[in-house]
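Single-structure report; data block below.
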Amino acid sequence: MSQDAGNTVKAGLSRSEGGRRHQWSVLVVALAAALGAVVLPPLTIEQQFWIVLVPIGVFGLSHGGADPLILRRLAADRRGTVALMTTLYVLASLAFVALIWFLPTLALLVFLLLSIWHFGYTDASFLSAQPNALLLWLSGSLPILGPMLGHPAQTSELFAWLIVRDPEQVRSILELAGPVLAGVWLLGFGRLAYRYHHKLSSRVLAELILVAVALILLPPLLAFAFYFCVIHSIRHFLSVAQQGLGVGEVAATLAFLGRKAAPATLGAIGIAFGVWVVIVLLEPSTTLLVEAVRVMFWALAALTLPHGLVVKTWWESRLSAS
Ligand SMILES: CC1=C(/C=C/C(C)=C/C=C/C(C)=C/C=O)C(C)(C)CCC1
Ligand SMILES: [Fe+2]
């Protein structure tokens, strides 16, 4: 891929009407979320779980549900290639499930790192016309760093459920790592503002700050749902629509994608529900909530590796085709 071709398409995303409009709405929604978080009464993890279950299921997962469509496009609808790519996708997921099974703590760390990269990749393409690795890591790390800093006790408990460890032990690590990482983030932000202030609009810096504040103030599961549904999924759909079919057709394409993504999304929800029931039957001593949280995040984790690779491969192939 030539650097110029890459720049042209990314410039298209960051300057596109849909991208710009969405960037303004992110600022408004992040401000509203931050203000809402201040007046919100403290919520238990269980209350948060019931609030975010439907938005994450419907809104969030459907963006992964578009992967089969992207795979077909990547394979140019050649049956053999579609089958091969689908097999590789499933194998990558299964490899990650094996990692979760045998080395859960390492799996959580890899999941968090992959998520930061994947979130940042999408954000940076919308926020900057030129590739900007610093912006990628700053933006992508917010959904993980925010809950760690703002609500270390609940975030530790959620992590501890995933890796079956003592929440207090996880908390002592987070309370040390959180401020250190926040310091590194602030240094990076200072460098971004200083080095790129002429290239990036102040709206980008405002987005980073406002989204950071919202993610720190909101309780962890609400913070994640806000970022995942309102920012990540919408940007993903906008980019899929735009890169695939041209700016003018975004609305029609979103409706089309919605229809195409629905079967895989419903399938994923069905499988997740099935796994939940099986786990609960096998291990009736643990609570339903803990198992539900495990299914929700480990399912996302198992899909993150192939999903992130598919999205990147597809974007790069679009770039080199342009
Ligand atoms: C587990 C967990 C968290 C991280 C979730 C992540 C990292 C989700 C990634 C999803 C992806 C990458 C979806 C694909 O597009 C939080 C929010 C810090 C709160 C505490 C529990
Ligand atoms: Fe994604």
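Keep in mind that glycine also has a Cβ here, set from the backbone N, Cα and C atoms.
Quick look at what TrEMBL lists:
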TRANSMEM  24-43  transmembrane segment
TRANSMEM  49-70  transmembrane segment
BINDING   H63, H118, H232, H236  Fe cation binding site
TRANSMEM  134-153  transmembrane segment
TRANSMEM  173-192  transmembrane segment
TRANSMEM  204-228  transmembrane segment
TRANSMEM  264-283  transmembrane segment
TRANSMEM  295-315  transmembrane segment
Original post:
Does the transmembrane segment (295-315) make contact with the transmembrane segment (173-192) through 3 or more Cβ pairs under 8 Å, each pair 6 or more apart in sequence?
Top reply: no
Original post:
10 Å Cβ neighbour count around H236 (Fe cation binding site)?
Top reply: 20
Original post:
Once H63, H118, H232, H236 are set aside, which residues in the chain still have Cβ within 8 Å of the Cβ centroid of the Fe cation site?
Top reply: G64, F119, T122, F228, S233, R235, H307, V311
Original post:
Where among 49-70, 134-153, 204-228 do we find the most Cβ pairs under 8 Å to the transmembrane segment (24-43)?
Top reply: 204-228
